[in-house]
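Before any comments, here is the structure.
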């Protein structure tokens, strides 16, 4: 395997390469680059203090499923606020995945809330402000725009959107998945209510044709009662657009 002459690189140059590979989303290449770094004590000491290198190591550890290493990096190094959002996402997602593996099923909102309470963000990647777990309006606007163009973005588009919103590709993918599920549920509910309205209208027409008067306040069947309620109220079907993860 070809290796770059890392020994001639300064810590700043190494950090620059890490940042470039991180932005490209090529985690595999980033991992190979990190493995090729020197092991000399002097060089390691300098690199271990560089935030870009530490952030790159955390990303590689997460994608490799090495969550113990990820937690060690995040808990033992103080990161600047610019890195907080991405590293917080890695911390939470890693704990979610461990909990899912342990329970043998996907986590629901309540499960995720309990995981967050059990494993709070370390102060090394958190400034103490309470996180709402809701996407900002600008982020939601961008996600909705992209969703209307393509509800099934490929990995490249997910990375592009992640960079534009400050989220991780995993968060972007989860948002699109949840939005598709909400839209399908709303469409199914809409079809059901339209069927109820249609059945209610048909019965009313038949009753009028037969000359049978309707008795106010008396429903001949549960279905008739349901259709009556549906016919006398305006129906508005909208898919939930909440991005809260509670």
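Positions of Cβ are set from backbone N, Cα and C atoms, glycine also.
Features reported for this protein in Swiss-Prot:
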DNA_BIND  128-187  DNA-binding region
REGION    190-246  region 'Disordered'
COMPBIAS  191-201  compositional bias 'Polar residues'
MOD_RES   212  phosphothreonine
COMPBIAS  219-246  compositional bias 'Low complexity'
MOD_RES   221  phosphoserine
MOD_RES   225  phosphoserine
MOD_RES   227  phosphoserine
MOD_RES   228  phosphoserine
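When pLDDT values are averaged over the DNA-binding region (128-187), the model yields 85. Taken through DSSP, the DNA-binding region (128-187) splits into 43 helix, 0 strand, 17 coil.
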